[in-house]
Structures are given as structure tokens and as C-alpha cells.
Amino acid sequence: MPKNSKVTQREHSSEHVTESVADLLAHEEPVDYKRSVLNVTGETWDKQKDGEEELDAENRPAWNSKLQYILAQIGYSVGLGNVWRFPYLCQKNGGGAYLVPYLVLLIIIGLPLFFLELAVGQRIRRGSIGVWNYICPRLGGIGYASCLVCFFVGLYYNVIIGWSIFYFFKSFQYPLPWSECPIVKNGSVAVVETECERSSATTYFWYRETLDISNSISESGGLNWKMTLCLLVAWSLVGLAMIKGIQSSGKVMYFSSLFPYVVLVCFLVRGLLLRGAVDGIMHMFTPKLDKMLDPQVWREAATQVFFALGLGFGGVIAFSSYNKQDNNCHFDATLVSFINFFTSVLATLVVFAVLGFKANIMNEKCVVENAEKILGYLNTNVLSHDLIPPHVNFSHLTAKDYNEMYRVIMTVKEGHFKELGLDACLLEDELNKSVQGTGLAFIAFTEAMTHFPASPFWSVMFFLMLINLGLGSMIGTMSGIITPIIDTFKVRKEVFTVGCCIFAFVVGLIFVQRSGNYFVTMFDDYSATLPLTVVVILENIAVAWIYGTKKFMQELTEMLGFRPYQFYYYTWKYVSPICMAVLMTASIIQLGVSPPGYSAWIREEAAEKFLFYPTWAMAILISLIILASLPLPLVFILRQFHLVSDGSNALSVTYKKGRMMKDISNLEDNDETRFILSKVPSETPSPMPTHRSYLGPGSNSPMEMSSAPNGRYGSGYLLASTPE
């Protein structure tokens with residue numbers, strides 16, 4: 001041995017030897033044990049495959065900055081539901097009182113499960129399929145179910161973006177095309193379109209000009225070419241944003257995530273300056289405390305929390321998988337969750353400021369129409385002039401004066417009052433008209449904007465905001481499909497992205513036929529709710545009960561550099577699974593109690609009518625739920641009975657650049673985990689830890705080797721479990 005070596009120097013030194021085995025072996029030559037005697041499985045070494053795996057682990061794309069990542073998560077979680085679903089639920093379920101159950105459920109269900117998905121994605125650095133295959137191969141169906149649900153949701157969600165694109169281009173004209181009913185010629189006479197006259201200009205434009213809707217789901221009516229073209233544009237936008245992965249979608253997020261906030265703030269300032277805006281906001285936030293005791297309110301709040309954060313879709317895991325492993329995902333989870341909540345509140349303020357203005361306009365219109373009826377009754381002596389209070393001036397009739405006159409007439413003409421056909425014209429009644437979804441965005445809000453000064457400008461801004469909200473959510477949804485498929489099957493990103501968008505466009509043609517809106521309603525109501533609830537419950541069980549909450553908390557401590565609060569331990573292990581199970585039970589009961597149906601627009605009546613789904617539509621509906629849930633039992637059965645390999649039955653040990661990686665998996669029949677030990681945990685390509693460390697020679701491990709462990713390879717093997 002050379003005289004200047006460390007070992008020779010120590011032999012002649014009186015100092016205590018404190019250097020570890022790891023230090024002694026730090027200068028060992030890199031060795032791949034798949035080509036050595038340590039390859040105990042007899043597995044043939046594939047140099048090309050091994051190189052590809054290492055290259056994939058080290059060259060995984062990463063976010064350019066923390067801001068880009070946060071904006072991507074915000075853009076994904078803040079979507080159309082924040083604008084048109086949350087305000088409706090707030091109004092329906094007790095106004096300001098609804099915020100209490102929502103906030104409570106956000107803290108005990110939303111935040112812990114959101115943090116869980118961020119953590120597993122960041123730790124394992126794979127999409128949803130790879131993550132759940134790794135944590136528990138028999139529950140690997142979770143990832144495939146997430147991909148299917150993302151596909152179903154993406155199909156109809158992009159149709160809504162297509163509708164917004166149509167309205168966006170129609171907004172570049174004055175007056176707005178939905179501000180007045182069209183005039184049609186009946187021979188030599190010009191008359192107002194009957195369907196429009198019996199409903200309203202905005203309602204007519206939505207159902208007839210935009211959708212050209214049929215009377216029922218059974219009447220296809222052929223393709224609507226305008227909506228088909230808009231759907232093609234929508235899928236082209238999504239494809240262009242996704243084609244380079246996070247390199248392209250990350251840049252898009254700077255605009256698509258921030259622009260909606262600019263528009264919402266502008267609308268809030270403009271809305272607060274409108275007459276009647278305060279009435280809408282006061283009505284919105286006046287708490288009805290008795291509603292807090294209603295279980296239905298808590299069920300709807302839990303469902304909204306669940307979907308607002310995008311839990312179970314796989315998009316959260318996909319975005320998080322591109323993070324560095326020392327990223328503080330706990331901070332990210334808290335920040336994004338509460339930004340989502342405050343965005344919902346901001347959108348609610350905007351919506352009800354504008355709807356308060358609209359309610360005042362409609363109430364004044366009601367007063368004028370009914371005042372004309374009363375004048376007619378006075379002129380024909382049906383009513384006596386003595387019934388009219390002396391201070392009432394019909395040329396400047398206020399809502400207060402009309403209400404006073406209305407009560408007097410109702411009291412005196414009690415027996416024949418209904419025959420007069422007078423309306424109360426109460427502002428409260430207008431504000432209580434619940435509007436959600438497309439009815440809010442494409443009918444109520446568009447009608448309010450026709451009364452704005454410079455209405456085309458506000459219309460362009462509003463629908464551009466909807467396009468960006470939808471695009472941000474679609475990027476996350478498509479990432480929930482593309483990332484896990486690319487990670488698992490190693491297909492080319494560009495080719496798969498383009499192929500996926502083309503296939504989705506072709507399948508999505510079902511939504512742009514004249515009956516397409518009814519299919520959008522069906523998919524929105526039934527394709528995701530139940531399957532996603534089951535998916536999230538199984539995610540929670542896989543981490544908290546199969547892998548183990550204590551082990552997971554320890555992993556988070558190593559990854560984050562601090563131990564998460566014990567609050568998460570109890571919510572993951574007990575509170576969240578119980579709450580999600582209750583939500584799933586309530587959803588199943590709701591499906592059984594409320595027969596599946598949809599609101600159809602009847603052209604002849606110029607009104608909506610609730611219809612039940614026909615038998616064939618019920619078959620599609622049930623098939624959607626079964627198909628989305630099918631991977632869960634299918635993968636479990638295939639792997640339980642070893643009909644397919646879970647790819648986790650090999651032991652490989654590899655030196656690389658001074659670190660060693662050991663992969664232990666499926667050592668026993670009941671061991672469903674696959675984890676990695678590493679000298680540098682943050683650099684491991686497959687980072688989940690083992691249930692138990694290999695103790696080396698003399699242990700009772702099933703991997704115990706009969707060969708002498710004291711040679712070069714034996715010492716190197718011990719390095720895997722030797723602390724630095």
C-alpha cells in the first residue's frame with residue numbers, strides 16, 4: 001500500500017479513527033452491480049434500458065421558477081367553477097353563513113389532501129400512474145382511473161371554452177348582438193322573433209343563435225358548424241400550450257393565471273359604481289344562520305372544496321412532480337388553497353355587484369309594466385282612483401310608491417286580486433333568482449353587461465377571462481393524462497400530445513351537435529363526481545394506512561427539513577377518510593333520490609322544462625361511472641393473482657457518482673412497496689423509502705446472501721444503509 005495513503009497514515013498515527021466506512025469508500029470506482037455477483041436475481045443487464053432510466057431521472061423537466069409553478073397550480077385550481085358555481089352555492093346555502101362550512105371543510109379535507117398529493121408527486125417525481133404503482137402496486141388502478149376521469153372532464157370542459165371563444169368574437173360589435181331581439185319579416189310586416197319575445201334577448205341568443213338547441217337529448221339535429229369550429233380552435237389552443245410540456249404550458253400560465261385577476265378587479269371596481277350593486281352584495285353576505293344546520297349545505301360545500309382544488313385528477317401530482325425535492329410543498333399547499341378561497345369570494349363580490357345592478361334594472365322594468373296595467377284599470381273603471389295614494393306620481397313612479405299602491409289594491413280587491421295579474425315587483429325576489437353555470441355566464445351576466453357604458457369592451461374582457469380560466473384548468477387536466485402516460489410508457493411527448501388532442505376533438509363532436517348541451521350536462525353531473533371521490537379515498541388509504549402515516553411523516557421531515565404539524569397526521573389517518581366516505585355515501589344517496597334528468601329548452605314554449613333521460617342515455621350515464629371506476633378493481637385483481645407483473649420484483653444496486661441506490665420490492669407476498677435508499681435522498685430518481693432497511697449480513701432478511709460480505713462488493717452494499 002502506498003506510504004501516503006490514508007490507511008497507512010492511520011496505522012502510524014495515535015489519533016482515534018473516526019472516519020466511517022462511507023468515507024473509506026468515497027473514492028471507489030463507480031460499479032454497476034447488475035454486472036456483478038451482487039445481481040442476485042439473475043436478471044439480464046440491459047445497458048440501453050438502464051441508461052435510459054438514469055437519463056430520464058436526471059433530465060426530468062423542471063419549472064423555470066417557483067413563481068411559474070405557483071401560477072400553474074393556481075391556474076389549474078382556479079377555474080370556471082369559482083366564477084359561476086361558488087357564488088350560486090353561496091346564495092343558495094345561506095349567504096355569508098355558507099362561508100363557515102366551506103372554510104371548515106377546506107381546512108380539514110381540502111388542505112390536507114392537497115398537501116398529500118403535492119408531497120407524493122414531488123417525492124416520487126412521476127405522474128399519477130407511476131406514483132400509485134410505486135406506493136402500492138395493487139392500488140395502481142388509481143392512476144389509470146384519474147387519467148380516464150381527466151379525459152371525460154377535458155372532453156366537455158373544452159366545449160365551454162369553445163362557447164366562450166364564440167361570445168368573445170361576437171363581442172367586437174356595437175350594440176352587442178344579444179342586446180335586442182331580432183326582427184323577422186312576416187310577409188310585408190316586420191315582427192319580433194316570437195321565441196325571443198316570449199323569453200329575452202340574451203336567452204334567445206344563447207339557445208338559438210349559439211347552440212341552436214334541439215328540444216330534447218333524443219333529437220340530435222346534426223352538427224352545429226359554428227360550435228364545431230370554435231371547439232377546433234379551443235383544442236388547438238390547448239395543444240399548442242401543451243406540446244412542449246411545462247416549457248410551453250409554464251409560459252402560458254403567466255398570462256392565463258394572472259389576467260383573470262386583472263379582469264375581476266376591474267369588474268369589481270366598475271360593479272361597485274353601478275346603481276344597486278350594494279343591494280346585491282348585502283343580499284349575498286346577509287347570513288342565514290339556520291342553513292348551517294342543514295346537512296345538504298355541508299355536502300355541497302364538501303363537493304365544492306373537492307373539485308375547486310382539483311383533487312384526484314392527477315394534475316396536482318403532475319405539476320408537483322417537476323419540482324425539486326427540497327421544495328416546501330407545505331407552503332405551496334397552504335398558499336394555493338387560500339388563494340383559491342379568496343378568489344371565489346372575490347368572484348362572488350363581482351357577480352353579485354353586477355347581479356344587484358341587473359336586479360334593479362329588472363325591478364324598475366317590472367314597476368313600469370305593472371304601473372301601465374294599473375293606469376289601464378283606472379281608465380276602464382276596474383279600479384277606483386280613491387285607491388291610489390295622493391302623493392303617487394305615475395310619471396316618476398318609484399319602487400317604494402308602487403309597493404305601497406300594490407298593498408292597498410291587494411287589500412281592497414282581495415277576492416278578485418289574482419284576476420288583475422299584478423306583480424309585487426320586489427327587489428328581493430329578483431335577487432333570489434338562483435342562476436349558476438352557463439345560465440350565469442351566458443345569460444344573466446351578458447344581459448347585465450348590455451346596460452354597461454362601453455358594453456363591448458366589458459364583454460370582450462369578461463369572455464377573455466373565461467377563456468383564460470378554462471385554459472388554465474385544461475392545461476392541468478391534460479397534464480393529468482399526458483404526464484403519467486409519458487412517464488409510464490415512454491412515448492414521445494409531442495406526438496402523444498397532438499394525437500390526444502385530435503382524438504379528443506373527434507370524440508368531442510358529440511357535444512357540438514344541436515343536442516350537445518344536454519350531453520355536457522350529463523358529463524358534468526355524473527362522469528367525475530363518484531369516481532373521483534372513490535379515487536381520493538383510496539389515495540388517502542394508500543398513504544395513511546398501507547404505506548403508513550408515521551413513515552410518510554418521516555419522509556416529509558427528510559424532504560422538507562422540518563416535521564409537518566401533527567394536525568396532518570390525524571386528518572390523513574382519521575378525519576379525511578371518514579369525511580370522504582360520508583361524502584361518497586351522500587353522493588350515492590343523492591343519485592338514488594334525485595332521478596337523473598336535465599333541463600331542456602322547448603322552442604315552442606320558449607321556456608326550460610325538466611326531462612328525464614331516456615333509457616339509452618341512462619345506459620351511457622351508467623357506463624361513464626363504471627368505465628371511470630373500472631381500473632380500480634381490474635388492476636387490483638390482476639396484481640393480486642399475479643396475472644400481470646407490477647415491475648417491482650427485482651433487486652438492483654447501482655453505484656453512481658459516489659452514491660448508491662438500492663431498490664427493494666415485493667420481498668414478501670404482503671409487501672406491496674417499492675422504495676429507495678440513498679446517500680443523497682434529494683438525488684434519488686425513485687425516492688420513496690423502504691419499509692425496512694436491509695441490515696446486511698447476519699440479518700433475517702429474505703435477501704440474506706451466503707457469500708462472504710467482507711469483500712469489495714460486501715462493503716459497498718453496506719454503504720446503502722450507512723449514514724453520512
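Cβ atoms are placed via backbone N, Cα and C, with glycine included.
What TrEMBL lists as Na(+) binding site is G75, V78, N82, N340, L469, S473. Here TrEMBL flags 698-709 as compositional bias 'Polar residues'. Marked as region 'Disordered' by TrEMBL: 679-715. The transmembrane segment annotation in TrEMBL covers 69-87, 99-120, 141-169, 225-246, 258-278, 301-322, 334-355, 457-483, 495-514, 526-547, 567-593, 613-638.
Positions of TrEMBL features highlighted on the structure.
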{"residue": "G75", "record": "Na(+) binding site", "Cβ neighbours (10 Å)": "28"}
{"residue": "V78", "record": "Na(+) binding site", "Cβ neighbours (10 Å)": "26"}
{"residue": "N82", "record": "Na(+) binding site", "Cβ neighbours (10 Å)": "24"}
{"residue": "N340", "record": "Na(+) binding site", "Cβ neighbours (10 Å)": "24"}
{"residue": "L469", "record": "Na(+) binding site", "Cβ neighbours (10 Å)": "29"}
{"residue": "S473", "record": "Na(+) binding site", "Cβ neighbours (10 Å)": "28"}
Any further residue of that chain within 8 Å (Cβ to the Cβ centroid of G75, V78, N82, N340, L469, S473) of the recorded Na(+) site: I74, Y76, S77, G79, L80, G81, S257, P260, T343, G472
Selection from 301-322, 334-355, 526-547, 567-593, the stretch that has most Cβ pairs under 8 A to the transmembrane segment (69-87): 334-355
Leading stretch by Cβ pairs under 8 Å, where the reference is the transmembrane segment (495-514) and the options are 141-169, 334-355, 457-483: 141-169
Long-range Cβ neighbours of the transmembrane segment (567-593) (under 8 Å; 6 or more residues past either end): 105, 108-109, 112-113, 115-116, 295, 299, 302-303, 306, 526, 529-530, 533-534, 536-537, 540-541, 543-545, 549-550, 552-553
Chain residues outside the transmembrane segment (526-547) and at least six past its termini with a C-beta under 8 angstroms from it: 113, 116-117, 120, 132, 135-136, 139, 142, 145-146, 148-149, 152-153, 156, 303, 306-307, 311-313, 572-573, 576-577, 580-581, 583-584, 587-588, 591, 596, 621, 624-625, 628-629, 632, 672-673, 688
Non-local residues, at least 6 beyond the ends, that sit with Cβ under 8 Å of the transmembrane segment (99-120): 90, 131, 135, 292, 297-298, 301-302, 304-306, 308-309, 311, 316-317, 320, 329-330, 332-334, 336-337, 341, 345, 536, 539-540, 543, 552, 556, 559, 564, 567-568, 571-572, 575-576, 579-580
Sequence-remote partners of the transmembrane segment (457-483) [C-beta within less than 8 Å, at least six residues beyond its ends]: 72, 74-80, 82-83, 127-128, 146-147, 150-151, 153-154, 157-158, 160-161, 164-165, 167-168, 171-172, 176, 237-238, 241-242, 245, 249, 252-253, 255-257, 259-260, 263-264, 266-267, 270, 310, 313-319, 321, 441, 445-446, 449, 493, 496-497, 500
CB contact flag for the transmembrane segment (301-322) and the transmembrane segment (141-169), at least three pairs under 8 A: yes
Beyond the flanks of the transmembrane segment (258-278) by at least 6 residues, Cβ under 8 Å: 71, 78, 343, 346-347, 349-350, 353-354, 356-361, 427, 452, 458, 461-462, 464-465, 468-469
